[in-house]
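**Student:** Provided herewith is a single structure, encoded as structure tokens, for subsequent inquiry.
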Amino acid sequence: MKTSSTGGFFLPKYFTNRINEDTGVSEEELDLNKIREKITVLDQKLLELFAQRRALTLNVAKSKAHQIRPVRDQQREQELLVRLITQGKALGLDAHYVTSIFQTIIEDSVLNQQAYLQQLANPNIQVPTVSVAFLGDKGSYSYLASHKYFSRRAEKIIETGCQSFSEIMQLVEAGHVDYGMLPIENTSSGSINEVYDILQHTNLSIVGEITRPIEHCLLTSVNTSLDKIKTIYAHGQPFSQCSNFLDKQQGIRIEYCESTADAMARVYELQDETVAVIGSEEGGQLYKLHALEKGIANQAENHTRFILVSRKPVDVAEQIPAKTTLILATGQNPGALVECLLVLKNNGINMCKLESRPIQGRPWEEMFYLDVEANLKSLTLQDTISQLTVLTNFIKVLGCYPIEHISPTKVPSSALLDN
């Protein structure tokens, strides 16, 4: 971007032109309160426009449902972004700024359209109130994931906090709640084996997924400093994901808790300057905790993928990219797993996850979990499963559900540069 130097700072040409033009502004125009009032009015107008745009995307979804067209048209998305970047430059707006805003808007549009199409494909799930079980209480990462997932799918959530993954499954299986939210893998600490093991022995179906950024902080209930902390409370997963930070702290006692929410509740009740908890800043606010240290995870890009389980499977609208999760057990003969993977390759099915877990009571034998990017209703996947059935000792479909992750539309680098 072309810039000009102003008092040691480099500003876009648009701003330096305004500085030169506005040297004679009045005191009234520089009144901070009045400036903020104008900004507030503009913010309100922006919100109204966002709401209007969102309403129009629902009509887009209805049109695509009628014409059976895919939700995403990435060529059009790219053309839209390039046009908006060009228009933004004419208004003095940075290309990356415009791109960031509208990629978020596009993601929201795609997710809303998918939610609408899923409701059409599954009329029985169109209910204003849902009940969901999750690990911990208010403020836990599973609690936040549940609210994020259902924010565009239900008007009200009836929450049930649980002390274990098995308790979540039992509540759903017994019909006491509609859904269970379970963390299944993390980009830092890897797969959550206990959840995989539970999935071996359930008749529940995976009906959804959501990936959430996990931004670990060290939270306290009172004003204090890091050198005063003697005890840290947290669930086992956050501890492993923040091990580098914890290794640097000398003489600190670790207290394991059933969930992050349980840990935050304990620290709030103690009101002690020597104790802290590992949790999210967002969750900590529910317990009036504040962040003493932010960004303490081993990896800056730390995400957890959650799955949603229910007693009944769902159909995935054919316009929506789908993922199907399978479990299978092969024979003990050499190359048995490779033969199964070749079936996927030969049928053009992409496998995005492969996990192995020991089969209880059968030493050295393993169950394999596969996530494949395909709709269970497709003839290709049905044929693939038939072929795998011949090659395996056991195979089961755990669920088919919409792919929740929306990849940002790529913008040509030339569009991001000044002309």
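Using the three backbone atoms N, Cα and C, a Cβ is placed for every residue, glycine included.
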**Student:** Figure out which of Arg53, Arg153 sits with Arg36, Lys64, Asp73, Glu77, Ser109, Gln113 in the substrate site per TrEMBL.
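**Tutor:** For the substrate site that includes Arg36, Lys64, Asp73, Glu77, Ser109, Gln113, TrEMBL also lists Arg53.
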**Student:** Can you work out the mean pLDDT of the predicted model over the domain 'ACT' (325-402)?
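**Tutor:** Value for the domain 'ACT' (325-402), mean pLDDT as a whole number: 92.
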**Student:** Mind giving me a neighbour count for Gln113 (substrate binding site)? Other Cβ atoms within 10 Å of its Cβ, every protein chain shown.
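**Tutor:** Step by step: centre on the Cβ of Gln113 (substrate binding site), count other Cβ atoms within 10 Å, giving 23.
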**Student:** Compute the C-alpha separation of Ser109 (substrate binding site) from Thr304 (site 'Essential for prephenate dehydratase activity'), stating it in Å without decimals.
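**Tutor:** If we compare the Cα positions of Ser109 (substrate binding site) and Thr304 (site 'Essential for prephenate dehydratase activity'), the gap is 23 Å.
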**Student:** Using the alpha carbons only, what distance in Å do you get between Glu77 (substrate binding site) and Thr304 (site 'Essential for prephenate dehydratase activity') once rounded?
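**Tutor:** Between the alpha carbons of Glu77 (substrate binding site) and Thr304 (site 'Essential for prephenate dehydratase activity') there are 28 Å.
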**Student:** Let's see if you can do this one: DSSP helix, strand and coil counts over the domain 'ACT' (325-402), in that order.
**Tutor:** 24 helix, 32 strand, 22 coil
**Student:** Taking the Cβ of Arg36 (substrate binding site) as centre, how many other Cβ atoms lie within 10 Å?
**Tutor:** 10
**Student:** Between the Cα atoms of Lys64 (substrate binding site) and Thr304 (site 'Essential for prephenate dehydratase activity'), find the distance and write it as a whole number of Å.
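**Tutor:** Distance between the two Cα atoms comes out at 31 Å.
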